[in-house]
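Worksheet: one structure, shown below.
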Amino acid sequence: MNLRIQRTAGEKVFDAVNFTLVLFLTFLIFYPLVFVLFASVSDPRQIYVHPLLFWPQGFHLESYAKIFENQDIWRSYGNTLLYTVTGTLINVTMTVLGAYPLSRRRFFGKNVFTFLFTFTMFFSGGLIPGYLVNQSLGIVNTMWALILPGAISAYNLIIMRTFFQTQVPVELEESAYVDGCSDYRLLYKIVLPLSTPILAVMLLFYGVGHWNSYFDAMIYLSDRELYPLQLILREILIQNDFQQMTAIAIDDGYADRMMVQEGIKYAVVVVSSLPLLVLYPLLSKFFEKGILVGAIKG
Amino acid sequence: MPLKTVPSTGKPHPWRIRKTAIRGQVRRNIALYVIISPAVLYFVIWHYLPMYGVQIAFKDFMPALGINGSPWVGFEHFERFFNAYYFWNILRNTLGISVYGLLIGIPAPIILALMFNELRSKGFRTIAQTISYAPHFISVVVAVGILFFFISPNQGVIHSLMTWFGGTGRDFLADPGSFWHLFVWSGLWQSIGWSSLLYTAAMSGIPPDQYEAAYMDGANKFQRIWHVTLPGILPTIVILSILSIGGIMNVGFEKVLLMQSDLNLQTSEVISTYMYKSGILNAQYSFSAAVGLFNNIINFILLISFNAIAKRAGQTSLW
């Protein structure tokens, strides 16, 4: 806000109160994440004694050691990486291919395609008809069932089209056409290099989506070898199903075993969420730009 | 159809002009059609084929007979759903959780965005905002896992705190009365920062001279917020609200499934989880497709009507 605006005493109080409130809310939002991080390296027995952790109680890496011994976690981590990388590349490529023609002003039939794409945001056949389509395509119980059905998000496609339309100067496009540049070259040599912010945002949106999804894997994958990380996490965190992990500590007492399990839960949350939480502050400068463009009515 | 004969004027028939014009347009854009074809194929296969397949809601679908071969049964599946003893309970849960979620989830990010916007320190604002949307990047499984850390009856933080202060702990997950609150407020924890980002982005688009003019006219801070900031972000508020209302029947069911247990089923069963169980787990394809179609039609009608209301009221609308 402009500095010429003078603050009254009341407004100064308001600003101070507002600052304190924001500080408090930010702490409230952040605390659960910090808690898990601290708990994962604490002595599990201490967490019960000191329920609110403001710093780690002791420093124990046993929980992490147990995770790294576990085959399920390693394999599912690898699966998730594979699905995320393959899926995101397909997502971004397909979205660019769908969005670029819609951003050309002289594209004949633009409105028809736009309607065809956006209508799917508001109406869908539903879970079961979608399942039947995938079944008849024979992709059930393969990684493609997690990748192809969501290859394009219509919402992201519209954001990208709007970005192409508004951020790539029309003159550049016109002169390229005049010079006899083909549409393929225009996309490749001019539009894409000018669109790195939106491409970064899309990589992140789609990538996070793949990394975090469990539902499609739950309904389409029956082979345990193919399970992504989130399904294994679901067993550990939600269903309290530890498979061979508990066998390690079977000779301990019940209470001790519970403690060890709790420790494993905290550590597994950290291991699974860390890549995203490290990545997002680096990409956060692109968000506002990407979101701002998306907010423009399309 | 008999065509009227046009006296020869040396010019081609207007209808022919149009046809050749179209052909020319298509030829000029041929590369664009090639580029867009994978996307078209995708939407046809994974969005429009399921819409065609939704007809099994009116049929008695048998996999051996296929979609087209299965016999029609009219509204039988819908009637069965509407007459089931659990129908009103499920509908109440679906609408209850959704409306509760909207009442909290629409205003809260707006208020947070206003608070961010009023911060005088840019640096603090950036840090606070970046932290506030961190939970958005956490998966539903992990978010529910963290929620369980806090409310679990044997080691949970809240339980331990309650016993620490001499109270008795409660098993919130087993208590049907707590489910809606747990669901909505944990959802707010995950979404508030991210949603507020949209509003702060819209606020940064308000020209500063509007604030200066309001200040010159003697408007105090609250009046400036009320008369400049809020009207400036109103289109964003309207669009986002219409979109949320159009998803009212959906309730984040991936999360409901994770938080559900036999003990809280009475308040936690919603249409989409019920559809999942009857369709995927019990393989009642037609019945489940009917439940899903009912869900989607209600959503669609709500979206259209609220969009129309917004348009009528002279505000922004989706189309």
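Numbers run from 1 along the shown chain.
In case you wondered, yes, glycine gets a Cβ from its N, Cα and C as well.
Over in TrEMBL, the protein carries these features:
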TRANSMEM  A:21-41  transmembrane segment
DOMAIN    A:77-283  domain 'ABC transmembrane type-1'
TRANSMEM  A:81-100  transmembrane segment
TRANSMEM  A:112-132  transmembrane segment
TRANSMEM  A:138-158  transmembrane segment
TRANSMEM  A:186-208  transmembrane segment
TRANSMEM  A:264-283  transmembrane segment
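In this chain, the transmembrane segment (A:21-41) lies close to the transmembrane segment (A:264-283): three or more C-beta pairs between them fall below 8 angstroms, excluding pairs fewer than 6 positions apart. It is A:186-208 that, among the stretches A:112-132, A:138-158, A:186-208, forms the most Cβ pairs under 8 Å with the transmembrane segment (A:264-283). Beyond the transmembrane segment (A:138-158), the same-chain residues lying 6 or more positions past its ends with a Cβ under 8 Å from any Cβ of the stretch are 79, 82-83, 86-87, 90-91, 94-95, 98-99, 102, 117-118, 120-121, 130, 202, 205-206, 209-210, 213, 216-217, 220-223, 226, 228, 294, 298. If you look at the transmembrane segment (A:112-132), the same-chain residues 6 or more away from its ends with a CB under 8 A from one of its CBs are 98, 101-102, 149, 152, 154-155, 157-158, 219.
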